[in-house]
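S.K.: One structure coming up, written as structure tokens, with questions to follow.
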Amino acid sequence: MQQGTLMRKVKSKSWKKQRYFKLQEDCMTIWYQSKRTGKTESAFSISDVETVREGHQSEVLQSVAEEFPPERCFTIVFYGRRGNLDLIAGSAEEAQCWVQGLRQLIEPRSLPLTSALVSRTWIRDWFQKADKNKDGRMNFKEVQRLLKMMNVDMNEDHALRLFQDADKSESGTLEGEEFVLFYKALTQREEVLSLFQEFSEDGKKLTLLELVDFLREEQLEDEGTEELAMELIDKYEPSETARARHVLSADGFLMYLCSLEGSIFNPQHRALWQDMSQPLCHYFISSSHNTYLIEDQIRGHSSIEGYIRALKRGCRCLEVDCWDGPNGEPMVYHGHTFTSKIPFREVVSTLGKYAFKVRHPSPGAGGRGWSSVGEDTCYWSCWPPAGQDPRGQGPWRCCVAESGSLSTTLQELKHKILLKGKKIGRLEDTLDGPGDEAHDVSDDDNGAEAEEERRRAKVRGTQHGSALQKDKETLAQALSDCVIYCKNVPFRGFQEARSHSRPSEISSLSEAKARKLIRDEGNEFVRHNAWQLTRIYPSGMRTDSSNYSPQEMWNVGCQIVALNFQTAGTEMDLCDGLFSQNGCCGYVLKPPFMRDEETLFNPSDPSSREGLGPITLTIQVISGQQLPKVANSKEGAIIDPLVRVEIYGVPADQAHQETKYIENNGFNPRWDETLQFQIHVPELALVRFVVEDYDKTSRNDFVGQFTLAFANIKPGYRHIHLLSKDGTSIPPSSLFVHIRITE
């Protein structure tokens, strides 16, 4: 890659500024500076880059497509909610140089993150940050600065002792291997070494049989344990001599515990492990609300980036609000608001590129790497402009599911995109001939939710007055014929639905309406969702794109619980946590008692769940490792971390407990505290681990979190690899815990 390149940074069709871009010598940082002033404007780390897209694959670059060919254009996409960087190189060769170079630099992160790989990157990163005068050496003053940066409040005498021990050359500075020695002394894991020595007869190694004992007694591995032990030695033991002798050193033991096999997330549940041949209504489906919005609901920006991010996060139900645009060109935006607009054609083109793009789950089974899985069905609800004929335009032809016999299982719906929308007549009419049916709207009559429904009714081509009257506007027959599996019908009660509705139909309910039904008719709601789809959407009052709790909707089996994916918080953590299993495909099979149309289960009465009694979850929170600093904290500030464990599930299972806080230590805090929970309906429970910076005068600050379904917890000594507020991984930050599950 060239070490300095003049390229155009593009923010809009009219904003194109020339900037010099340069890859730093550490091969981890890229900075760019103004051509005119020569001042450095910004810099970013390679670790912040998620992917690189070639050509006109952003709205900004599409706007300059006539001026600049796609061969010279590329987009750098960052993790989280940081905006993309759109660039135009001076030539196609320069563009390829940067695109291929960046991809090679970020590619190693697609490999399993072993402890050694993380450590090498981490050590180099910290050395570069602390080497203030950039002479490739580190004096003691710089080491003290490093400790502050790493969230460590260490006694000066102890720090000096570690420094002198590592300074083998006695030069008064650390360089190369000396810094590695210093780093290893700093990161010594006494709690892991103690555990290692408990099972090692000589305290120096674990023989194959000793490792088997540990796996059986502590990790509760009960099948193929000897084979597993051999695999772990071959995979994580750094010494060739030890591998040949089939023994595991203390370093290898630590690498195993920090690996995927040592994670709290059951590795067998990372892949597609559930039955995918059930009817569609038997699955929870990852679903988004107003997918095109990446900000608020009133003045926010509409962007195809919203669809790309949602699909890559595993979302399977997308929302496309279509309105008539200039010259008959449909546009997508939030109607009757000031949100920006994007052409419908661009949305469909984006879905064509990303809907079935296979992306494997990330090593952390959380954070990045989630995407649309090609073997499953992608759903997206669409309210088109009046009179539009979808089959008359090219993009639709590749997106609409074909008519035919009604497929009832997820397996049968592979590689199809389904339209949820209004339909003239019944499915049988589509197959046998056209029919007539009055247009339906939801019967939502609840304040802000009614206003939301009135807005949607207009989008669907209906007139929604105070009495929710229907108008005479017609729906295009060709569009109606596209709606095969998800015909939208109003909800008029469970008895009415059981008597007159069909499994191929779906009703949409506001969060308030759903809560009322949960409160008044919980069991009937569960039964209804055992045979028909239900979609829940946020209140119209959530103009800031905030989210409701999806858990209470999942508790009654609602399949399509639509959330604002652009808004980070507990609600999206729960969504990510539930759908991080099963290959991150966006579908999770509901428990058996929620797939039975005659079930007695009611989430307000845990005893209605047939089967075993409550399960006890015991969590010993042992330690934390290299916790990140709080965003925008003062220079030199060190966090006071505490750990809170939260249980989400049926009302009887909702609970949280937390440890004490540790003063001034975000680097290697030790809690050694035990928390215990009784869980009545474990099939629906989610467990969220949260690290916060304690503040006695104000609200605690968020540090990191990890959420997973109770069913995916692996007992034993486990590491929990923390995620940021945006759901991105923050290696090597983790918690070390001991998990026990008893009946």
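In case you wondered, yes, glycine gets a Cβ from its N, Cα and C as well.
Copied straight from TrEMBL:
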- 1-107: domain 'PH' (DOMAIN)
- 118-153: domain 'EF-hand' (DOMAIN)
- 154-189: domain 'EF-hand' (DOMAIN)
- 429-468: region 'Disordered' (REGION)
- 442-451: compositional bias 'Acidic residues' (COMPBIAS)
- 479-595: domain 'PI-PLC Y-box' (DOMAIN)
- 595-724: domain 'C2' (DOMAIN)
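Quick one: where do these features end up spatially?
M.R.: Confidence over the domain 'PH' (1-107), given as mean pLDDT on the 0 to 100 scale, stands at 84.
Residues 119, 123, 126-127, 136-140, 143-144, 147, 254, 623, 625-626, 667-668 of the same chain, all 6+ positions outside the domain 'EF-hand' (154-189), place their C-beta atoms under 8 angstroms from a C-beta of that stretch.
Per DSSP, the secondary structure of the domain 'PI-PLC Y-box' (479-595) breaks down as 48 helix, 21 strand, 48 coil.
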